[in-house]
Structures are given as structure tokens and as C-alpha cells.
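Peer 1: Quick paste from Swiss-Prot:
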type     : residues    : note
DOMAIN   : 6-56        : domain 'Kazal-like'
DISULFID : Cys8-Cys38  : disulfide bond
DISULFID : Cys16-Cys35 : disulfide bond
DISULFID : Cys24-Cys56 : disulfide bond
CARBOHYD : Asn45       : N-linked glycosylation site
Amino acid sequence: FAPVNVDCSDHPKPACLQEQKPLCGSDNKTYDNKCSFCNAVVDSNGTLTLSHFGKC
């Protein structure tokens, strides 16, 4: 089972679209989409990782 990765190299972004493609972070928080998740990854200095796709 390979680790799940999301490419956040083009983040942070000042605004995210309101698309609903939830991701579950390693903080056990559900993020609405890749953009909001990647912004949180940047804010966490890379300590936040993706647990899985879908809601936590």
C-alpha cells in the first residue's frame, strides 16, 4: 500500500475554489479540497500529511 501524496508545490494560494473533493489530513481534520488542504500543509511547515482521500 503506497503512501498517498498530493502535489502542493503551487501553494499557498490566496483563495480556494469551493469544490467538494474532501481529503482527510493527518490532524484528523477533513479539508474541503486539495487547495484548502495544501494551504494547511504550507501553514504547518510540511508537518501535515494526507491520511486518505474522503472525509475523516
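Glycine is treated like the rest: Cβ placed from N, Cα and C.
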Peer 1: Find the shortest Cα-Cα separation between Cys16 (disulfide bond) and the recorded positions Cys8, Cys24, Cys38, Asn45, Cys56, and name the residue that gives it.
Peer 2: Cys38
Peer 1: Provide the three-state DSSP residue tally for the domain 'Kazal-like' (6-56): helix first, then strand, then coil.
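Peer 2: Split by secondary structure, the domain 'Kazal-like' (6-56) comes out as 10 helix, 9 strand, 32 coil.
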Peer 1: So of all those recorded positions, Cys8, Cys38, Asn45, which one's Cα sits nearest to Cys24 (disulfide bond)?
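Peer 2: Result: the closest of the recorded positions to Cys24 (disulfide bond) is Cys38.
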Peer 1: Rank the disulfide-bonded residues Cys8, Cys24, Cys35, Cys38, Cys56 by the number of other Cβ atoms within 10 Å of each Cβ, and give the residue at the low end.
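Peer 2: Comparing Cβ neighbours within 10 Å for the disulfide-bonded residues Cys8, Cys24, Cys35, Cys38, Cys56, Cys56 has the fewest.
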Peer 1: For the recorded positions Cys16, Asn45, which one has its C-beta crowded by the most other C-beta atoms within 10 angstroms?
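Peer 2: Answer by Cβ density within 10 Å: Cys16.
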Peer 1: Given the recorded positions Cys8, Asn45, Cys56, find the one whose Cα is closest in space to the Cα of Cys35 (disulfide bond).
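Peer 2: Sorting the recorded positions by distance from Cys35 (disulfide bond), the top entry is Cys8.
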